[in-house]
Amino acid sequence: MAVVGEVLPSGSQELHVLAVDDSHVDRKVIEKLLKISSCKVTAVESGTRALQFLGLDGEKGSLGFNGLKVNLIMTDYSMPGMTGYELLKKIKQSSAFREIPVVIMSSENILTRIDRCLEEGAEEFLVKPVKLSDVKRLKDFIMRGETEENGGRRVHKRKFEDDSHQSSWLSSSTPSSPSSPLSPSPFTAAPLACDLATSELPASPLHSSKRAKLCNSD
């Protein structure tokens, strides 16, 4: 187990992961996988203990440390006392820690549980046993996020969605062939093939007016 309270330097490339699991065996497994992936690990056995470590328990004698950099929190879902879902909610309600990615782990693949965690702000839901490939993928993603000013998984996701919407709008506004977005449609220049030409075009006001103009030219 990592030394509690050791501060990760802001310029360090080593990720600090807070792992939470009431199972000693599972806790050791995830700790080993993280260390193999060159991550710094702090492992605790309960949600309450995790809140104490982060300083979110509201007690003066807590284990919270100002300036402690935690890059990722991985927590089991089913734990006595405080579930991983309840811990997730506490973290997302904190202005200081809400941007930290939280990954939920569970041995049960229950869709309603997965949906509830994702809606509450979990970055991912992993079904146990967690594999080394899962840990490496999460590490690579977070390392990329650390290079961005706003970092974090959801920032990248929103950016990807915005780019997709923009690309979709551009493609729908360009009269092109479905097989080649960069090639003009062979039918758009044929004034006697109104129906055939417009069947190749997405339904939009721009294309509708174009069809009317071509038909009127007849």
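Heads up, the Cβ atoms here are built off N, Cα and C, so glycines get one too.
Listed in TrEMBL for this protein:
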DOMAIN    16-143  domain 'Response regulatory'
MOD_RES   Asp76  4-aspartylphosphate
REGION    149-186  region 'Disordered'
COMPBIAS  167-186  compositional bias 'Low complexity'
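Averaged across the domain 'Response regulatory' (16-143), the predicted model reaches a pLDDT of 92. Within 10 Å of the C-beta of the residue listed as '4-aspartylphosphate' we count 24 further C-beta atoms, all protein chains included.
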